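**Q** Encoded as structure tokens, here's the structure I'll be asking about.
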Amino acid sequence: MLLTFEARWREYARDFVEAPLFSHLILVLIIFNVILLGVEVDVSSHVGLSDVPSWMQTANTAIVGVFLLELLLKFIALGCTEFWCAKDSSWNLFDFVIIAISVADVALDILATSLTPDVNTGHLRLIRSIRLARALRSMRSWQYIGGLRTLALSIVSTLGSLFWTLMLLLIIFYSFGVVLTQMVVEHCRYMNIEVTGDNNAIPVCPDDLKKYWSSVPTSMLTLFMSITGGLDWEAPVRPLWGVSRLAVVLVLIFVAITVFAILNAVTGVFCNTAIESAASDKEVASMRQVQSKAKQVDTLRGIFQELDRGKTNELSIEDIHQGIEEGELSNFLESIGISTGDVWTLFMLLDSDQQGCIDLEEFVNGCMQLHGPAKRACRWPR
């Protein structure tokens, strides 16, 4: 009896959590929370912390309460094992961490507000002002919006490629940075030796060379900014004309290699990885399959209405034959892999109740079965 009661509550919780209306409500609350955060930050920039409207704190507390209730309902619906170990356990862990931080943020907010003015709450105010949890809540919308979910998975899947790309670029920056810095330093040292007559003189570079090429880290930063739009590379190249023509050529080679070869190749790898990741996500693929199936059903319904010229809500073999001859039916069936070469066989396969006519449900279900896995079990008579 206890197991039956627990299973019933779990079923109720699962139906409630998986209801589209509930998902839409959570999504609306997430968006409202993000908007509220922006309004609160904007308001607090013009007033003292104690003058921020209290309704904002109340609204934030209520939103966190709803999110906490959502998490508890998910836990009840899925159970401990499925909640932490099922296919969506990563999203559940993500929700748990964000909501836990949100609860701590609300608790600190309430504590800082409830303390007397004589108590120093500066450290609490500092933690409270971070608002990291509330900013992270907007990321929960990824699991409710298919497009954002696909983009998020694509970005995560490219992190490995991003790491090795950065390693490759770091090696290139370092190699060219060492060579260019050495050439500039030797040039500056030689110029200072000529001025002072001291063969052990310290290299002293002009301001333009010192700004871009005075050390290996500075040279690496200059090279990085030159290919990422942070700096027009003509500015650091111009002072190199007085150092060596070879230094200018090296910068040109660096720009050509990174911009035309490495970055283009990296972009291709990133795109391919992102596409493969989006295609491998089962939930996204399931959503696309459902949408495709719904579109095919709507198309079949439209074709049925066009073939049913007598408005009898039934199709005869003559209607099917005429539709195939005129191309209304044959084009669509051929596009989904259903042969229309034998009209009589096609009609018999669609007429599941063998009444000599096909209604709307038989027509739609028959075409979808021929298109789906059931098609392989059918053997057309010869």
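Note: Cβ is positioned from N, Cα and C throughout, glycine not excepted.
The domain 'EF-hand' annotation in TrEMBL covers 338-373. According to TrEMBL, the transmembrane segment annotation covers 21-39, 59-81, 93-115, 162-185, 246-270.
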**Q** Mind checking which residues reach the transmembrane segment (246-270)? Cβ under 8 Å, same chain, six or more beyond either end.
**A** 158, 161-162, 165, 168-169, 172, 176, 179-180, 183-184, 223, 226-227, 233, 236-237, 240
**Q** Taking the domain 'EF-hand' (338-373) alone, what is its mean pLDDT?
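**A** The predicted confidence over the domain 'EF-hand' (338-373), as a mean pLDDT, is 70.
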